[in-house]
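Worksheet: the structure to be examined is printed underneath.
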Amino acid sequence: MNPEKTSDTALRSDMLEKEPFDFAKWWDRVGILVVLLALVALMAIIAPNFARVDNFLNIARAISVNAILAAGLTLVILTAGIDLSVGSIVAVSGVVSVLAAMAGIPAPVAVIAGMAAGALCGVVNGALTAYLALAPFIVTLGTMTFLRGLAYTMTAGQPIVASDLNFKALGNGYLAGVPVPVIVMLVVYVAVWFLLERTRYGRHVYAVGGNAEAAQLAGVRVKRVVTSVYVIAGACAGLAGVIFAARVISAQPTAGTGYELDAIAAVVLGGTSLAGGRGRIVGTLIGSVILGVLSTGLILMNVPFFTQLLIKGIVIIVAVAIDSLKQRQFIFSRIFKR
Amino acid sequence: MTTNSKQPLLRLEAVSKRFGATQALNSVQFELRTGEVHALMGENGAGKSTLMKILAGNIQRDGGRILLNGQEVEIRSPRDARSLGIAIIHQELNTVPAMTVAENLSLGHEPRTRFGMLDRRRALADARSKLARIGAHIDPRRSLGSLSVGMQQMVEIARAVSEDARVLVLDEPTAALSRGEAQQLYEIIRQMRSAGVGLIYISHRMEEVWQLADRVTVFRDGTFVGTGEMDRITPQDVVRMMVGRSVADLYNHSARTPGKIVLDVAGLAGGAIGPVNFNVRAGEVVSMAGLIGSGRTEVGRLVFGADRRSAGTVRIAGRESRPSDPFEAIADGIAMVPENRKEQGLFLDHSVENNIAISSLDHFTTAGVVRRGEAQKAALEQMKRLRLRLNALELPVKALSGGNQQKAALARWLLRDSEVLILDEPTRGVDIGAKREIYELIDELARAGKAILVISSDLPEAIGISDRILVMREGRIVHELPSAGASEEEVMLHATGASSKPENEGARQ
């Protein structure tokens, strides 16, 4: 008999016996998905024209820019950081890619130039945060303002329309009936999922967010990891900016204003803790979809814009409150066990 | 102050306190007279801080009586303590660094002008007189944060005195002070004593206790051992009272024959530490003993690249190791289990598997991708070796008991299989069963040829599990002795510096 095998089966039955259904754990995994499905069902019933394939594709395309921002931001928030500059990066990278395309640079290179501009902004954010030990909130508040100014400066404050933009398919094209931005978004999510769930780097990201000091003492190069997450967030914002520019076929210095807050909302809705170390990228995607479904549904129901903001605000607070109560429940159960 | 010795100022009778399964104080007694400095001594965990917290009103006793001037009193809150005239000077100060000295001294009862505005002039004058009362020369207009720790402490004492404290408890007040500052503090303490204040002085330093105190009381494992007059007792007596417990054969280890030098440290310095020289051989366990704050942890961190070195060389099996961070130290074959597992060792929210595998992921990675099956199997193997419940693999590590958490922290480095292991307080807060298992593990690792440095505040442990003992005091290794035949008294004498004093030299005249 193989001794390895026996211990394995022993392990299995052990797990089965000792793990009764745990609501908190179950909610942790699928709770947000339940919320999304309930929301979709509700909208399908009360909002006219909601439950149609083309509407779903529209929602998907509408959320793609925010969802790509939120994907990069998830890494930053997992390390207990924050990046407020991603909205401004959307504008800067859009401007860079449009200007590049107008200078006759081929489409793929123009797209990459936009992403590289975003990544470069991330290098600045990350290096200031990690190596000068500045608070990321303040650093990125500064770069948010600076980069917005940079976008205005590069465009002299006016939108630059490029009607024959060579990469406009990135925003407006379809591939097998699916909008290109949606495909890009899904690729980004698969890539980030793989990075976080399957690579050593991903485990290091969680470790840094879970306990930076312990990570350092466990041999994780904390400063490098911290820098890198801002670079990834910058590159994602850069990609989002390029898609946005392609979608509106122009460079808009005001592009992405306020997007950082929607992205943060999506990440937090998705269950990632602002304290770092806890969260899943799939949650962020669902969080983005919830925000998208909510806006579209409310628009279809002709709810006034002001009221939409009221509802969105409440949804965000309720979601965070649920998360916090869950945490407290855990602490309570620990105390009573003793 | 004529009848002081008859009527005690403060008297504790049969005071007990239990935390869960731990009896922190077991029916202890203590007596403080007016105009007396009474030293309270004991090893870590003896119950000194519990007693202090009870007096401060931070926790409530389970049994016994507290009498102040012969009257039974209840101290239900820090507020009660203050109104009874009991003040505590903690190691961590209770002041606001960003405010001025005067503002700190008037905090909570700021003088106001007729119009309800802050009366700065009066606050300043009050502060001056409060500082003058304890003879401290500090400009009350300076911001508190700009003062040295010693001066900040004096401000806090001035505040306590101004609130008419009759009982003042000082918890290791000189731990962070320079020699000059300490002398100044002693002067203030003597002044307060002659003004009739009763002072409880908690300290590990024999020298200053003999300089200052009138009497000393020793606690051990939450029980009262004895009280003695300073001039009828020697430092050696006190040490014996502090450590004299029976030691079970918990620490039996196999006969080991150390091999070649693996860890060789020469002239290592950094911060307030060093230079220190020592080595650890293959198959050898070396203990580093000393009081809290003597620099043991810092030496470990310097070797491990966690703090910056200012001088010295470290060799691992002959090769020089100059890590700029723990990552490089680990690559050089060093492992360190830090002192404080919750804050420095573990990722409490993360699974046991992740906690164990995190430092060895490079062994289970192809092109950056973790081979998860292998990593999991390796973690399980270490859990089996340490007799951790295997179904804990996926649980967050915070769901484990203290002993099992420590095992998870150890498992991380067992998996890494480093040549040099630095274990900082490996059994702190761990139950006796897990302790025994950890000792067995250390023995097993030594037999497998690892070089092990154990930093421990638990003297019987430091002696019992090791081959040699290094004693540290004030950032340096002051003594080295073989563990076989070493007594706790001997180690304690060197750790406290009492050995450099001839018997009775310090007794007050």
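A Cβ is built for glycine as well, from the same backbone N, Cα and C atoms used for every other residue.
So that you can see what the record holds, here are the features copied from TrEMBL:
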- A:30-51: transmembrane segment (TRANSMEM)
- A:63-82: transmembrane segment (TRANSMEM)
- A:88-116: transmembrane segment (TRANSMEM)
- A:128-154: transmembrane segment (TRANSMEM)
- A:174-196: transmembrane segment (TRANSMEM)
- A:229-250: transmembrane segment (TRANSMEM)
- A:256-274: transmembrane segment (TRANSMEM)
- A:281-300: transmembrane segment (TRANSMEM)
- A:306-325: transmembrane segment (TRANSMEM)
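Highest Cβ pair count under 8 Å relative to the transmembrane segment (A:63-82), across stretches A:30-51, A:88-116, A:128-154, A:174-196: A:174-196. For the transmembrane segment (A:174-196), the most Cβ-contacting stretch among A:128-154, A:256-274, A:281-300, A:306-325 is A:281-300 (pairs under 8 Å). Outside the transmembrane segment (A:88-116) by six or more residues, the chain places 65, 69, 122, 143-148, 150-151, 154-155, 160, 162, 165-167, 170, 234-235, 237-242, 244-245, 250-257, 259-260 with a CB less than 8 A from a CB of the stretch.
Long-range contacts of the transmembrane segment (A:256-274) within its own chain (CB-CB distance under 8 A, at least 6 residues past either end) are made by residues 28, 31-32, 65-67, 69-70, 73-74, 77-78, 80, 82-91, 94, 144, 148, 237, 240-241, 244, 280, 282-288, 290-291, 312, 315-316, 319-320, 323.
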